[in-house]
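Let me begin by presenting the structure, written as structure tokens, before commenting on it.
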Amino acid sequence: MTLIILQVAAFVSLILAFIEPEDHQENDHRGKPKEPGQSEAGWIEGVAILVSVVIVVLVTAFNDYTKERQFRGLQNRIEQEHKFAVIRGGEVNQIAVSEIVVGDICQVKYGDLLPADGIIIQSNDLKIDESTLTGESDHVKKGENTDPMLFSGTHVMEGSGKVLVSAVGVNSQAGIILTLLGAAHTENKEQKKKKKKKACSVPASEKELSPLTESDQNDEEAAMSGNSHMGNITANTHLEPARADSIVPASTTHEEANPRKEKSVLQAKLTKLAIQIGYVGSTIAVLTVIILVVRHLIEVFVVEARPWRSSDTQHIVNCFIIGVTVLVVAVPEGLPLAVTLSLAYSVKKMMKDNNLVRHLDACETMGNATAICSDKTGTLTTNRMTVVQSYICGVQYKSTPRYENLPSAVAEKIIHGIAVNSAYTSRVLPSEDGGQPKQVGNKTECALLGFVLDLGKDYQSVRDDVPEEMLHKVYTFNSVRKSMSTVVALDGGRGFRVYTKGASEIVLKKCKYLYGNGGQLESFGSDEQDRLVRTVIEPMASNGLRTICVAYKDYVLSGTAKSNDVQLQEEPDWEDEDNIIRDLTCLCVVGIEDPVRAEVPEAIRKCQRAGITVRMVTGDNVNTARSIALKCGIIKPGDDFLVLEGKELNRRIRDSSGEIQQALLDKVWPRLRVLARSSPQDKYNLVKGIIESKLHDNREVVAVTGDGTNDGPALKKADVGFAMGIAGTDVAKEASDIILTDDNFTSIVKAVMWGRNVYDSIAKFLQFQLTVNTVAVIVAFTGACAIRDSPLKAVQMLWVNLIMDTLASLALATEMPTTSLLVRKPYGRTKPLISRTMMKNILGHAIYQLTVIFVLLFLGPEIFDIDPGMGVRLSEHFTIIFNTFVMMTLFNEVNARKIHGERNIFEGLLTNPIFYSILIITAVAQVIIVQYGSMFFQTKALSLDQWLWCVFFGCGTLVWGQFVTTMPTKRIPKTFTWGSGPPDEMNATASLVEDGSSGSLSQDVKRTGQILWIRGLTRLQTQLRVVRAFKSTLEDVEDKRSVHSVHSLHSLRSSRSHPGGTRPLSDISFIDEDGKTPSLPSDASPGTPKKPVVGATAAAGRPAKESLLRRGQHGGGAAPNHLPSETAPLVSDRAGAGSSSPPMTPRSVGSPSSSTSSSSGAPDNNNRASFSNPLTQGYNLLSEPPPLGKLHETSI
């Protein structure tokens, strides 16, 4: 804005220079004769200002372009990191998501973000989170026979399976919605343009007769606010719908429905600081203009008592130019550039340190981190697990036992139980380089499979005998079960066997029998369980071993049942998991070692020296967790710290009503170091409680690591969320801010170092810029008051501004981090951005520079024996002042590299080539400007002696800096710090400069989602028919929540085009399985509002009635039940990913084609549907979408 004002003033100056009357061309505004050449050069100042503005804009644009290119590279890197398991040529390959094509068979598992639409061909306990499409937070159970369709953008929450890809890219559900969002955005823009033209063409009298109704206003606001979100849609983010009634998914029930993310710590501080500086700069700029103008008016009308001349107008314009230039220099416009450059530079470097930054602000936030809540497995440990101890048949082995020494029946059951009751994607492969075998998949399962191999048996032969398709039922592992169970059929149809493995203390509680010495079956009551825990499990856990119990149970349908078998007459109800997984027989308990990474103890010591508290949050046994914490150095013997289990934490932090109380949590978290047997909800509660605690003035900044799907809420709540790049699920990665590509805790320490470096780089830039700001503004203001002119001309100050903003940001924002950054304590949330040490440096150097400039201003002519510069265009006097100021600024840039009172300002100078290159380039440019830039920069060439004096004064800043460093910082009052304040106050201040979007999601976006579903009806219907081709039976249709099995969408209404009342639109009928006429759901009768489903919401307070969109029917006739042949290529043709049917054009009731279709019973070859409501006659939904009701925001 300031640059625009400056351009306007420059244009006015140019115009006045060209239209100045001839009788005044020889005199200036004082009425004195102009110096030779001055009248000819009157236009030069205006041109010089415009050229300077162009240069500033071009340099800034180039930097922005470079930054954008870097960010696009980062985005490509993130997309390339997203791999998916695909079966091609009978082998499982990990390929990039962008390479998946129609016809591929993909392996899906817990935590995956589905990249394409597909049809399930094999599944194990598969549950999908479809809230991104439907808004429903409940997980949808999927299977080959029931609900076999999977959609892109949805998450696998449980289980595994294989999927045949049916649509990719723009033809998938995510692609359809993305495309339609773009179309809706474009259409809304065109409609707005049409309305504006129509409004302009309507006479004023007519406008008065047709005022805008309230509903029209709401519709307009909704359309505009909906468009404001379109620019944020990217191809690799998932759908996040939100309804007007603010339904929040279960994972965010503790969060506000407001989608706007709170500003980062540095952003909030910079926003407040910029506002403070802006107030001061604006005030001084206005005072400068007022003083210059008033003094000139007094001189013209009071002192000289003469008439007004055009030269006086020119002088007034020059006063405004000086004032705006002061504002340009005062306002830190280069601050955003410095932040962005520093972040872009750091992000690029952090990739080499195994930190893939997804959200830029996470980089600098890590510099303020005061606490890290870390997982154990894979982060603190190597995640290469091996079985080192075992307890089998009453004997505890410290190494792998010989297979021949084990009872054959028990050993065979153990091998089968491990081979079958593990994910078939988990494998142990031979080493390629002669080292350790390669573990693929779940590392705990790989350890068990390795145990089978160590026994001398091949687990793969067992899997070949029992392929994944023959598994009768699978209860997959999750954070609630802490175990996995698989049901297989016994030979000869005798019954079923259930294999279970999981956390030993959990599985043992479900055991009723145990194989003792010699393989004898023994009773296993609570006393025996306690004894086994004390003598076997606790000693293993105390050595840092993860204990896993393997058990089984037989269900016998025919034949003689043993004492530990269950005799049944018919197949049990496999959905009754509690009754199925009970009264088990324990086969063995194994102790799995996961060694601590060698570099982790030193990394944790660095964190502790840096003032960062490291906490371990794990699902492992408390004894195992304590042992690992001791080895890592998180706790030490004799420390007064807490090691708690999740249950104990909940007992301590909840009141009698079960609600979490912050006061109770504040008594626990400061001393808590290890949280064992914790659930994802426990982790979330802990992170949330630490962040929201006001126990300390500076408030905590928390980083969290996570790898599981259920870690998503904690990762999102944390100030910085770290996801594991190797072991992490897609959901965890999507919820994170930074991805650790090596899953190593030491990479987090590097992120802290880079984050602090970003913070310090911004502080260095601020220290340098505010010194220049202070000097330039005071010089301009004093010049206006004392000599009625500014010693620094507008073009010169723009050059100084270029040095400050662009070049200094490049130089100071590219400093490399050093280990010294990890010696000091973190800043925290409320510590001021401009510390007392920085304020001491700013004021100290400003005093030196102002002293030198004022001495040169008032005594310079006598010292250098030159003419005063007042009233002269080209002056040695003012050139010396300008040159000295720039020299002091350049040398002070070296001082600005140190912000913590360090004396050695040259330390690390040669390690940053960008810094000294910019310093040299700026110095050379200054020589050229002074010696040869007289026309544009109003300078006069200086002699060698004068240059030496200027450089001498510049070097003096380095010497003066040592005196400033010696001054005690404690004597500076805390009120001299800037950019501080309570976090709530800073966030409130930050919100003042936010964009115009409102805080409520339901107000920001209202109706785009409904357009999507209306326009995507064709493809939805085509995919529905594909589902029918793969579903032979379907039971309990009413209970299905999946997007393709919805009976009807709600009527979409608006009063914008129907002032007399509502205009019901069509409901989309479910393509039913039995060919019967679809009817209203049982819970919705005429006259009562329907519940919101899928992407449409009934208009508030209006009944959903009358209108049903029925497939090829008129009135109440039965719909034909034929599968059109054109849907076949959807799954068979690899090249044609997606729907193959033509676009659907809704037609009114009574149209010839509608009547023909219903009477003949033949399917409509174009997949067209008819409206059963006459009110919709002739309305084409695809070419002219009707005004719609409330919106589900949908982003991809």
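Cβ from N, Cα, C; glycine included.
Where the annotation comes from TrEMBL, it is an automatic prediction and has not been curated.
TrEMBL lists transmembrane segment at one of the ranges 167-185, 946-964, namely 946-964. Comparison of 273-295, 914-934, 946-964 by number of C-beta pairs under 8 angstroms to the transmembrane segment (842-864) places 946-964 first. Distant neighbours of the transmembrane segment (946-964): 840-841, 844-845, 848-849, 852, 864, 876, 880, 883-884, 887-888, 890-892, 894-895, 903, 905; these residues of the same chain sit at least 6 beyond its ends, with a Cβ under 8 Å from one of its Cβ atoms.
DSSP states for the domain 'P-type ATPase A' (82-180), grouped as helix (H, G, I), strand (E, B) and coil, give 18 helix, 49 strand, 32 coil. 765-787 is the stretch from 765-787, 876-894, 914-934 with the greatest number of Cβ pairs below 8 Å to the transmembrane segment (273-295).
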